[in-house]
Amino acid sequence: MRRRYSHDPPGSFRETKVFGFRGEYGCKALVDLLAGKGSQLLQVRDKMPDSPLGSQSNESRIPKHSEALLSRVGNDPELGSPSHRLASLMLVEGLTDLQLKEHDFTQVEATRGVWHPARVITLDRLFLPLSRVSIPPRVSLTIGVAGVGKTTLVRHFVHCWARGQVGKGFSRVLPLTFRDLNTYEKLSADRLIQSIFSSIGEASLVATAPDRVLLVLDGLDECKTPLEFSNTMACSDPKKEIQVDHLITNIIRGNLFPEISVWITSRPSAAGQIPGGLVDRMTEIRGLTEEEIKVCLEQMFPEEQNLLGQVLSQVQANRALYLMCTVPAFCRLTGLALGHLYRTRLAVQDIELPLPQTLCELYSWYFRMALGGEGQDKEKVSPRIKQVTQGARKMVGTLGRLAFHGLVKKKYVFYEQDMKAFGVDLALLQNTLCSCLLQREETLASSVAYCFIHLSLQEFVAATYYYSASKRAIFDLFTESGMSWPRLGFLAHFRCAAQRATQAKDGRLDVFLRFLSGLLSPRVNTLLAGSLLSQGEHQSYRDQVAEVLQGFLHPDAAVCARAINVLYCLSELRHTELACSVEEAMRSGTLAGMTSPSHRTALAYLLQMSDICSPEADFSLCLSQHVLQSLLPQLLYCQSLRLDNNQFQDPVMELLGSVLSGKDCRIRKISLAENQIGNKGAKALARSLLVNRSLITLDLRSNSIGPPGAKALADALKINRTLTSLSLQSNVIKDDGVMCVAEALVSNQTISMLQLQKNLIGLIGAQQMADALKQNRSLKALMFSSNTIGDRGAIALAEALKVNQILENLDLQSNSISDMGVTVLMRALCSNQTLSSLNLRENSISPEGAQALTQALCRNNTLKHLDLTANLLHDRGAQAIAVAVGENHSLTHLHLQWNFIQAGAARALGQALQLNRTLTTLDLQENAIGDEGASSVAGALKVNTTLIALYLQVASIGSQGAQALGEALTVNRTLEILDLRGNDVGAAGAKALANALKLNSSLRRLNLQENSLGMDGAIFVASALSENHGLHHINLQGNPIGESAARMISEAIKTNAPTCTVEI
């Protein structure tokens, strides 16, 4: 057999052998075996020891069967590799509406090329039970879009099985394709087995356990007759000849061969023919990751690194191309087309040759490659092209007619009778052009099957045929009989094609219409002029076609996939004004007024294709309920969705709940902050969380869900196992609401971030949360700030911290906690080994509480972030903290701003910094440490090698303190951020800092805002930057410089340090 595989270059075929057996007894034995008559066969074998079945052991026959399979699938070294990308599949629970109803391209585009998070199953476990109490699947179904590698997967599995790497429970694997089955009108189970084993010179099957046979049926989408399970008569007789589709239906049902395992591969849309109840296991082949795309292209250009870099750059720069390149077959086609383009650029030395921006432009380059147009000048048609133009046009015309009618009839595999019926000259099918478009394959019935290398090529060729035929046709080209109401002129036929495409429920004409539109774009006309198109003929149609397309953007309640496809068609036509205007409105924040059907459709299109919607689609302050409702079908596929501040009320949550409940839902993060959501809206969202399996982050801050809404969400958390982050900040849930949430945390083991700030939570709520923390094993961050838990609430949480060894971040800001509460918290911190961040801002911690903090910090080795801002530490408390800083070996961030700290405490902290080797951030702003305190800290900077950020805003620092800091910066090589805003360093201080900048190489940000620098001070700093190339940002605002002088200094800084951003 001559077979061409998807990863082989165009025009290449492999010689392979079809394996089988002969002998009436052997066939009967196998059929009986598969039909569930194993015991009878064993008895017959025992009575006939001289038979082939009784004379050879099973072990001796299996190697021969394996050798035959290896011969059939070839010896590609990649097959059988444990690192093969098809070594694992995704377990899925069923087909989604998107898979059942939409074109393969639409599936990839709508999901942004990101596959649904799913459980992964390795190939060696594909047919094994998932648990100890389950049974192996009898019928397995693997789905994947066109070109993703379903046949390659089958070959990979067969190769691995033949080498004993997978499927060790099977003694026989019987692979068969629907291309083979299409050659039969009727077939019995008996003849089916004979057709598989027709060429091995002995009966190679023996009586074995019947469940050790795997029948593989590859390519259900290529079956010429749809499977109709409801209208097919049951048949259990393996000798009875019935229609092939009935035979397959009865095998899947188990009426025939009930003991064997059946594995079917299919495109998603065709897989819907099989009732879900008959499928025991469904898997999906994922597309290529970014790294796998790179590897795929590297394999195409192993010795052309420059070319590889150019192709990769173009793919990564064009979002539409990148998304489709997640499909391996398309990735290879793209590589071939772009490789030819860049070679042509090099040959003609024309770097301005335009790069493809649309699919039609890409396929036009592929056609140029197929026509052999290397070295073609962009202004002229090469002699070689001229020589093949007439023959190519005729061949493409006949192939196009075949492709078009196949597309209309959902036919993707053609046989010799089909080729002859459409006037295809079989003798010419081996030329370069045809080998780039078609692949040829011999079937088991010794006939020849043809199909286009990829479905999209069939659609492109069909579009070229329709484009040419519609100029002279007087009847509807979609009508099989050729008779219809007269349609005169290209526009009438284009309108007909657009109507057919937009009315098709399965989207099978979507990409065809895109290509048909793209053939009218100026670039495509230039690329194909003289070969497939006539020069300039697009000009008279282009604007009118754009009007026709825009006429299909109806004011429907929801934007459907067909409407979005119209935007794709306009993009192919290079008529992008509508999409660009909406995209610009999104960037500028003026989207709120764009509510027309065309604007909504363009917005849905941009959700798929625009970088502005990736990784997050931000629709804050711009959506109404009506617009949101129209976008719902497309919001399903957003990874991250921000809908803040849109005045959404409870009815909108019912709509969003329906989206989150959908099987297709891919939303992982959704923010609904600052809307008007009440408890009814929260309940609607909670109902969706009961079934949703994608959402990991839900932000409901600043709404009004109250205790009833919190209870509904808490009940959902008892069942939901995907949500990891929930924000209920500012929702007035009070103690009653937090009690329900705490109860849910006892059983929920996935929530890791819970935000309950500003919810009027008191002692009772804190106690309930503390009890939950003693049992919860997942929560890592609890945001409890701006409530009223007081000391007793803090004591309850402290008791929980003695038990809980999971929580890492605890925020108790502004909770009326005094020394008593802090003291108990610190005792817990002495034994707790997981808490790394503690926020005690805006409480009432005095020097006595600071003493307890010091004792804890000297013993604790896990706390890294401690925030004591706006407490009552004074010098005595800060000095106590300084003792801990000198001894602690884990703290990295310490915030002491606004604590009435003066020079004495700053001196103690300076001494501690000379000993500390972990602190990277110290914040002392709003403390009157003065020049003396600044000098003490500066002295520490001369020896400290870990501090990165120092905040000294509004710290009463004058020129002397600035001079001390300047001296330290000439020595220090680690400090990157120095903030001196709101001090009074003056020109003298500025000069000292400027001199330091000439020598310092580590500082990246310097803030001298509001420091009375004057003109001279600003000039000192600006001049110093000519010798400093490390500073990235400097702020000189709020200094009495004057507008003209500020402009001059800004220009000077930009000249001296072009990489430095200046605010002045």
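Here the Cβ of each residue, glycine as well, is placed from N, Cα and C on the backbone.
DSSP assigns Val148 (ATP binding site) to coil in the three-state reduction, placing it in neither a helix nor a strand. Within its own chain, Val148 (ATP binding site) has Ile285, Arg286, Gly287, Val327, Pro328, Ala329 as residues 6 or more apart in sequence whose C-beta sits under 8 angstroms from its own. Summarising the annotation, Swiss-Prot assigns ATP binding site to Gly144, Val145, Ala146, Gly147, Val148, Gly149, Lys150, Thr151.
Taken from Swiss-Prot, the feature domain 'NACHT' covers 138-459, and the record attributes it to sequence analysis. A mean pLDDT of 85 is what the model gives for the domain 'NACHT' (138-459).
Among the features that Swiss-Prot reports, repeat 'LRR 1' is placed at 338-362. Sequence-distant contacts of the repeat 'LRR 1' (338-362) (same chain, six or more residues past either end, CB-CB distance under 8 Å): 300-301, 304, 307, 310-311, 314-315, 318, 320-321, 324, 368-369, 373-378, 456, 460, 511, 514-515, 517-519, 521, 523-524, 527, 571-572, 574.
Counting residue by residue with DSSP, the repeat 'LRR 2' (570-593) contains 18 helix, 0 strand, 6 coil. According to Swiss-Prot, the repeat 'LRR 2' annotation covers 570-593.
Here Swiss-Prot flags 664-687 as repeat 'LRR 4'. Sequence-remote contacts of a segment are chain residues at least 6 beyond its ends whose Cβ falls under 8 Å from one of its Cβ atoms, and for the repeat 'LRR 4' (664-687) they are 96-98, 111, 114, 116, 616, 635-654, 656-657, 693-710, 712-713, 715-716, 727.
Among the features that Swiss-Prot reports, repeat 'LRR 5' is placed at 692-715.
The repeat 'LRR 6' annotation in Swiss-Prot covers 720-743. Proximity of distant same-chain residues to the repeat 'LRR 6' (720-743), defined by a Cβ-Cβ separation under 8 Å and at least 6 residues beyond the stretch ends, is recorded for 673, 689-690, 692-707, 709-711, 713-714, 749-762, 764-765, 768-769, 771-772, 783.
Here Swiss-Prot flags 776-799 as repeat 'LRR 8'.
If you look up Swiss-Prot, you'll see 832-855 marked as repeat 'LRR 10'.
According to Swiss-Prot, the repeat 'LRR 11' annotation covers 860-883.
Taken from Swiss-Prot, the feature repeat 'LRR 12' applies to 888-911. Outside the repeat 'LRR 12' (888-911) by six or more residues, the chain places 841, 857-858, 860-879, 881-882, 917-930, 932-934, 936-940, 951 with a CB less than 8 A from a CB of the stretch.
Look at Swiss-Prot and you will find 916-939 tagged as repeat 'LRR 13'. Away from its own ends, the repeat 'LRR 13' (916-939) comes close to residues 869, 885-886, 888-903, 905-907, 909-910, 945-962, 964-965, 967-968, 979 of its chain (Cβ-Cβ under 8 Å, at least six residues beyond either end).
Under 8 Å from some Cβ of the repeat 'LRR 14' (972-995) lie the Cβ atoms of residues 925, 941-942, 944-963, 965-966, 1001-1014, 1016-1018, 1020-1021, 1023-1024, 1035, all in the same chain and six or more residues away from its ends. Annotation comment: Swiss-Prot describes 972-995 as repeat 'LRR 14'.
Per Swiss-Prot, repeat 'LRR 15' is recorded for 1000-1022. According to DSSP, the repeat 'LRR 15' (1000-1022) comprises 9 helix, 3 strand, 11 coil.
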Item to check | DSSP helix/strand/coil residue counts for the repeat 'LRR 4' (664-687) | outcome: 9 helix, 3 strand, 12 coil
Checklist entry - Per DSSP, what is the residue tally for the repeat 'LRR 11' (860-883) in helix, strand and coil? => result 10 helix, 3 strand, 11 coil
Next on the checklist: Can you name every residue in this chain, apart from Gly144, Val145, Ala146, Gly147, Val148, Gly149, Lys150, Thr151, with its Cβ inside 8 Å of the center of the Cβ atoms of the recorded ATP site?
Outcome noted: Thr152, Arg267, Ile285, Val327, Pro328, Ala329
Checklist entry - Looking only at the repeat 'LRR 14' (972-995), what are its DSSP counts of helix, strand and coil residues? => result 10 helix, 3 strand, 11 coil
Checklist entry - Among the binding-site residues listed here, Val145, Ala146, which has the most company in the form of other Cβ atoms within 10 Å of its Cβ? => result Val145
Next on the checklist: How about long-range neighbours of the repeat 'LRR 5' (692-715): same chain, 6 or more residues beyond its ends, C-beta under 8 Å?
Outcome noted: 116-117, 660-661, 665-683, 685-686, 722-734, 736-738, 740-741, 743-744, 755, 757
Next on the checklist: Give me the count of other Cβ atoms within 10 A of the Cβ belonging to Lys150 (ATP binding site).
Outcome noted: 24
Checklist entry - Taking the binding-site residues one at a time (Gly144, Gly147), which has its Cβ surrounded by the most other Cβ atoms within 10 Å? => result Gly144
